[in-house]
Amino acid sequence: MPSFVPGQRWLSETQSELGLGIVESVAPRRVEVCYRATGERRVYALPNPPLVRVILEVGEWVRDRAGRAWLIQAVEEGDTAGLIRYRCVDGSGALCRLSEAELDDHLRLNRPAQRLLSARFDADHWFDLRWRTWRLRMREALSPVQGLLGARIALLAHQLEIASEVARREAPRVLLADEVGLGKTIEAGLILHQMLLTGRAARVLVMTPEPLLHQWLVEMLRRFNLRFALFDQERFASLPDANPFLADQLVLCSADWILRLPAAEQALVSGQWDLLVVDEAHHLEWSEDRVSNAYRLVAQLAARTPGVLLLTATPEQLGRAGHFGRLRLLDPQRFSDYERFVAEERDHAPVAALAGRLLDGEPLGAADQALISARLGEHEGLERATILERLLDRHGTGRVMFRNTRASIPGFPGRVLHPAPLPEPAAYAALNSRDCARLTPERSLGPDWLALDPRIDWLIALLARLHPHKVLLICAAASTVLELRDVLLRRSGIHAAVFHEGLALRERDRAAAYFAAVEDGTRILLCSEIGSEGRNFQFVHHLVLFDLPLDPDRLEQRIGRLDRIGQQHPVQLHVPYLVGGPSEVLFRWYAQGLQAFEAICPAAPAVYQDLIEPLHAALADPRRTVMLVAEAQRRCASLNQQLAAGRDRLLELHSHRPERGAALVAALLEEEQDPALAEYLRRLWDHFGVEYEPAAHDSLALRPGAHMLNESFPELPADGLQLTFSRSVALAHEHWAFITREHPMVRGAMDLLIAGDRGAVALGIMRDERFAPTSLLLEALYVVECQAPRGLEADRYLPLMVRRFLVDPAGCDHADAIAHDAIDARCASHHPHLAQALLSARAESIRSLIETVETMAQAAMPALRTAARARMNAVLSEEIARLRALAAINPNVRPDEIAALTSRREQLDQALSGASLRLDALRLLVTR
Ligand SMILES: Nc1ncnc2c1ncn2[C@@H]1O[C@H](COP(=O)(O)OP(=O)(O)OP(=O)(O)O)[C@@H](O)[C@H]1O
């Protein structure tokens with residue numbers, strides 16, 4: 001491991017555009033590097049940060065921080081061990097000693113030219129590999145599916161579309177609220193994968209309820225190759241750093257223990273995150289007069305973190321105000337007044353109808369035109385698509401919320417209800433109905449309930465009838481889970497696995513794995529309510545709802561464990577209830593009133609809030625059920641209709657644009673079918689000495705060879721790796737690596753190559769009759785770089801670009817006429833005599849070729865800068881216009897927001913104006 005010392009200069013291996021870094025501080029597990037040219041400060045986890053030590057060589061020209069140029073004459077030890085100092089001379093002969101800390105922060109290395117002039121050549125095939133690597137990198141930078149390609153997922157349009165839309169935004173702050181089980185975790189994973197890959201985020205914090213930590217850990221690793229560090233109290237305490245969260249870039253934790261430990265809360269809040277993800281965000285309680293501790297914590301984090309993703313399938317589970325509270329975390333300006341928010345929602349129907357007509361291409365009447373004018377002001381000449389975008393953006397939850405519904409996504413097999421009416425035991429009927437105790441009477445009665453509750457025999461009979469299918473049972477309390485486990489074992493010899501809040505995290509995961517195991521697994525898993533959130537149980541299609549929750553969102557969460565992506569069979573819902581008692585009332589309320597068993601009822605949360613009192617009255621006095629059910633039906637019908645016409649229609653239009661999703665799927669399929677990556681990797685493996693051979697099912701077995709170039713190859717374990725390039729094979733064989741150009745092994749190998757010097761200078765003998773024998777040509781690769789603070793995201797407007805030149809001594813560039821692959825050259829790098837002779841005889845011509853190509857490269861730059869600035873100006877000007885329009889209808893859009901965006905436009909303009917080309921590689925060609 002390299003040792004870091006404050007004051008040393010290092011370059012980012014993958015982001016040389018940050019400029020020259022200086023080590024600021026070193027802790028046992030991390031190093032902090034400051035990039036003064038771009039105002040960035042990065043914390044890297046040790047032992048293997050992606051950094052290259054910069055030690056310049058004798059003969060190189062450098063600049064100091066005042067901009068003076070110096071020629072290095074000697075490299076010496078500095079005053080402190082580990083630091084160096086350069087003995088230099090300037091053009092006038094003045095001497096100086098320059099400590100490395102004094103080097104220009106914008107330093108660019110021009111090693112290829114110096115290496116070429118000192119005849120230090122690499123084999124030609126390395127130059128070729130370097131060029132191919134850059135070509136792939138460039139293709140990646142321009143790809144519309146960058147960051148979406150490498151995930152081990154089935155290509156589902158609704159997820160790709162949301163992920164691509166969100167990740168495209170600067171500092172995305174959104175609520176991902178797809179219905180239960182449609183893949184919000186996957187969407188969040190895709191977004192963060194894109195942001196990490198493009199460098200838009202480096203430090204990510206994911207907060208989930210404790211029972212979901214492990215599932216997240218596994219999903220991130222197996223689907224996205226992202227290794228999160230799971231932080232619990234023990235890990236926090238074990239790290240010596242002042243802020244242990246800085247030791248890792250990708251952190252996963254639950255709020256529970258953080259809230260109990262003020263030091264941890266403080267450290268988390270100052271964790272310098274780029275992106276915050278909060279799963280099951282409906283737990284963040286907010287009302288106008290009360291805010292939960294978890295909400296307070298997330299609010300502090302959200303205020304300091306540029307990107308925020310909140311995930312919940314049931315945004316209104318704790319009422320409409322809570323929903324508003326979460327939107328407020330994302331955009332406090334826009335969502336500042338609850339009353340106003342509620343009032344605005346009443347107005348949605350006419351806007352939704354208009355948006356629908358715009359989308360369907362229907363003619364617009366005078367009333368429509370008037371509505372558009374009222375909402376958007378002047379719209380003459382705007383395209384329909386633009387009007388639609390602006391309407392969606394400026395109304396309701398606008399761009400902040402996404403919600404896909406099952407109705408808009410094909411392929412869900414549906415649900416079937418199996419009610420089981422059972423007699424209510426007298427001991428239950430005697431319980432007080434007022435406090436809902438009769439809904440879960442087993443909790444009031446003590447262990448005796450097992451002897452008299454008819455649900456026990458019914459359950460045993462059901463399990464026998466459903467044999468050999470697996471069954472998930474969910475009930476309200478952990479105590480019920482334990483008692484059911486004992487009674488099932490005692491009375492029918494069934495070994496049930498249990499999952500409840502009393503188990504340690506590891507035990508819960510073990511129970512879920514025991515249930516999931518195809519062979520030797522258990523047939524039944526008994527879950528308390530916590531089992532009904534976030535977990536994936538779609539390999540089962542029988543669900544027993546041993547009791548029913550009062551909140552309809554809870555019911556949906558329970559059913560959603562099975563009714564989710566990947567479910568192959570209609571979901572069978574087995575619901576026992578006790579005739580004549582409150583459990584029958586609740587059953588009828590759901591089955592007939594809300595009709596929430598066999599399909600999702602969008603109106604259910606609102607109807608529940610409105611009828612909560614009549615519902616409790618009916619639970620206490622079941623004679624009121626008929627009226628309750630009729631009222632619920634009436635309200636559901638009308639509210640569902642309103643939602644379909646208003647708020648939900650707008651949300652659906654905004655969330656689901658099938659044509660965009662289809663285009664992304666098509667682009668991904670095209671990339672996957674392109675054989676270029678496999679060909680490239682075979683070359684790369686051959687060069688690095690990695691061995692491979694075909695293996696079963698369209699896979700390859702890869703292993704370190706006997707003659708490896710380096711000690712190891714990125715992400716290749718010593719005992720090898722099985723991999724596939726096929727998505728379908730990768731989905732079927734989750735323990736094999738799914739190789740795309742986004743896989744860490746591919747990225748790591750590419751970084752290894754282009755961050756180092758290998759292939760940066762080559763010598764070839766070329767056959768081409770267009771040139772006289774012994775002519776010299778210089779092939780040069782230049783990389784466009786823009787040193788700008790990362791927050792500005794300059795690469796959106798100036799993506800990675802490599803310019804290739806092929807110049808002759810007359811100053812002609814043949815790069816377009818003669819492609820790299822068309823050059824018929826034989827490597828001459830390994831003929832030192834020839835190289836030396838050439839260098840001595842033709843040094844001046846070679847020097848002049850280098851100068852010519854350098855001039856040419858610099859001349860190409862203004863056009864690139866102008867195009868990038870034009871792109872940036874178009875985007876930001878539109879965004880500024882949007883904010884101004886929004887400010888006209890929404891007083892909460894502050895003038896300083898608009899000023900900030902305007903200043904960003906200026907900063908970007910300045911940064912892009914300073915973009916330059918860096919020489920990366922040279923190949924000298926001699927014709928014969
Ligand atoms: N594109 C996909 N390809 C393969 N599997 C997927 C895909 N999308 C989702 N899944 C699987 O479907 C299940 C549900 O996905 P996920 O957990 O992301 O849903 P969710 O919306 O977060 O659910 P919940 O509302 O319960 O929190 C998971 O098992 C996930 O791995």
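Positions of Cβ are set from backbone N, Cα and C atoms, glycine also.
No curator has checked TrEMBL annotations; they are predicted automatically.
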>> Suppose you had to name the range TrEMBL annotates as motif 'DEAH box'; which of 15-18, 279-282, 347-350, 383-386 would you pick?
In response: 279-282
> Hey, of the binding-site residues listed (ASP178, GLU179), which one tops the CB count within 10 A?
Replying inline: ASP178
> Which number gives the other C-beta atoms within 10 angstroms of the C-beta of GLY183 (ATP binding site), all protein chains shown included?
Replying inline: 23
> Excluding ASP178, GLU179, VAL180, GLY181, LEU182, GLY183, LYS184, THR185 themselves, which residues in that chain have a Cβ inside 8 Å of the centre of the Cβ atoms defining the ATP site?
Replying inline: GLU187, ALA313, ASN404, GLY560, ARG564, ILE565
>> Considering every residue in the domain 'Helicase ATP-binding' (165-333), what is the mean pLDDT value?
In response: 90
>> Under DSSP, is ASP178 (ATP binding site) part of a helix or a strand, or is it coil?
In response: coil
> Under a three-state reduction of DSSP output, how is GLY183 (ATP binding site) classified: helix, strand, or coil?
Replying inline: coil
> Can you count the other CB atoms that lie within 10 A of the CB of VAL180 (ATP binding site)?
Replying inline: 22
